[in-house]
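These notes concern the structure reproduced below.
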Amino acid sequence: MYLLWPLLFLHVSAARLSSFDVRLKQPKQEGKVRLVGDLPSSGRVEVYHDGQWGTVCDDGWDLAEAQVVCRQLGFPGAKSFMPGGRYGEGSGSIWLDDMNCKGSESSLSECSFKGWGITDCSHKEDAGVVCETGTNTTSNRQFSVDNSLGLSEDLGLLFDSGSGCDFRIKVKDDSEESELTFCVHSMILMFYPELNITKDSRTLTMDVSQTCHPHVSAFLRYLYSRQIDVSITSAQCLHQLAFNFGVKKLMEDVGRAFTLLIPEDNTFHTQVSMFEYGLRTGDLVLQENVLQYLSWNFEFLISSPVWSTISFHMMDALLRRSDLIVKDEAFLLEALERWIQDKGDEISSDQQASLLNHIRFLLIPVDKLYEMQFSSSILHRNHEKLYLTGLLRGFQFNALPFSKIRNQMYNTSSEYLPRIYTGDEWSVFINDTTVNYQYHNYYYGQNNRIQSFSTPAHPSALYKEQNVQWQAQVFLSNQECSYYGIPCTSFPVARFLASGNQNMYTSTIRYSNRLILTCKNENNIFHVQDFKNDMAVIPNNSSMGLPNPCPDDYSFRFVVRPEYI
């Protein structure tokens, strides 16, 4: 049974609540950083989150990130950044990965990154910095005194007591059959400008669904203490209240709890409803979580009844993405054409053209490009110039070396960057995850978890006859890793090796390969990971962006993704 979100109703079995309870708190040290090393001004960078210190992966680690860390610690700036565990390996969580700072942020957690705890790094990649110490550090040296630890709870107790309250919030539903009144402090409400509270205001009346009335008190207490307990049954109500009050941080935090629901509905009704809800409330985190899951499961979405009902905004957002998993670009174009035809007059001609412009004609297989020029569909006739331009650029891409056409493309253009194409020409599937192989069978080529295949060096027709040999391997035990001389600290581990002519193309082509994890019974993709040094260590369930719905019964697809440099 799927879940719909037309208003504020979310039905979840009470028997499952305990596994989804999460506590959203903002301790006094949340987001703070420290350096672990022999000197105060240099060391391994650690960041405080969710009650514990953790490290930062060196992927994307550069001088801009180092500047942010050093200034956050009170130093004038950074001398240098240190990748690769230069200051020793940390322990526990790796909180941040794929950092991308502008250099002007006031704290490291304000920079762009994958998400808290989402990483494919090991502690060998813990990042470090060397900060500038300055020269005048004697008479004017400052130090911080922070006794704010108990302030949050004290403010919460102030809400509980109602002592000195001077403002009333009335909560009612549309039927006006139920009404609640809370006495609060106007000074607290003034921290939330969307409420338009002035010194002369004394009452605020809000329409809230009766379903959410039990959660209003906890939400108002959060305005004081910035602490709240969130369960799946309360998540949507708290999210809607945060939207109404303009509490963006709480919206984002609660929105992450919604990701627990995303993999549970194979009909895609819930995910589509979540996206539209996120669009209405402006919750970018929720929108991104849904779009990522639908991008990974795009082929399943296309074959579902929901496909013809999705909005223009969702289709536009999906077609912009490079993490769409599809057989090939021609398959994607055919699906879009069917969707446009099903929509009929709901989609204007300009909107049709806008969506068709997201198709990467350059990456459509050349034989299918050739067949497209003979199409007589209404859509082709209505947008003849657009199709002809796409065909021309596609043929140029397949006939000319990239050095000839590079200057005609914008540096930020994605039209020549591949999505994740799973056609037989570019991927191999490993379905066997048993570990009871005889020693002789495993090491003498009778293992179904070692597959070899070949691909063209690149999708362009110029490389059609120039093949690269690949070997895909999945290791499930220390014994298997030891045989190949691979240090493995957790399982499963995947390795994707190239041989043959790959080195001939390193100045022109790079390979951004992907590993796809799919539930065997449900046929839904719940995780996609890149390879580092040909290896991919599968993260545990707690550090995945989405929960793993089939922890003991999933399969592996290895995908080759050549890109022009």
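Note: Cβ is positioned from N, Cα and C throughout, glycine not excepted.
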Task: TrEMBL annotation, disulfide partner among Cys57, Cys70, Cys183 for Cys121 - done: Cys57
Task: Recorded disulfide counterpart of Cys101 (TrEMBL; options Cys111, Cys131) - done: Cys111
Open item on the list: Can you tell me which of the disulfide-bonded residues Cys70, Cys101, Cys131 is spatially closest to Cys57 (disulfide bond)? Compare CA atoms only.
Closed with: Cys101
Open item on the list: Which one is it, among the disulfide-bonded residues Cys101, Cys111, Cys121, that lies nearest to Cys131 (disulfide bond) by Cα separation?
Closed with: Cys101
- [ ] Check each residue in the chain of Cys111 (disulfide bond) that is at least six apart in sequence and keep those whose C-beta is under 8 Å from its C-beta; list them in sequence order.
- [x] Glu65, Val68, Met99, Asn100, Cys101, Lys102, Glu105
Open item on the list: Rounded to a whole angstrom, what is the C-alpha distance between Cys70 (disulfide bond) and Cys121 (disulfide bond)?
Closed with: 23
Task: Count of other CB atoms lying within 10 Å of the CB belonging to Cys121 (disulfide bond) - done: 20
- [ ] Mind checking which of Cys57, Cys101, Cys131 has the fewest other CB atoms within 10 A of its CB? They're the disulfide-bonded residues.
- [x] Cys101
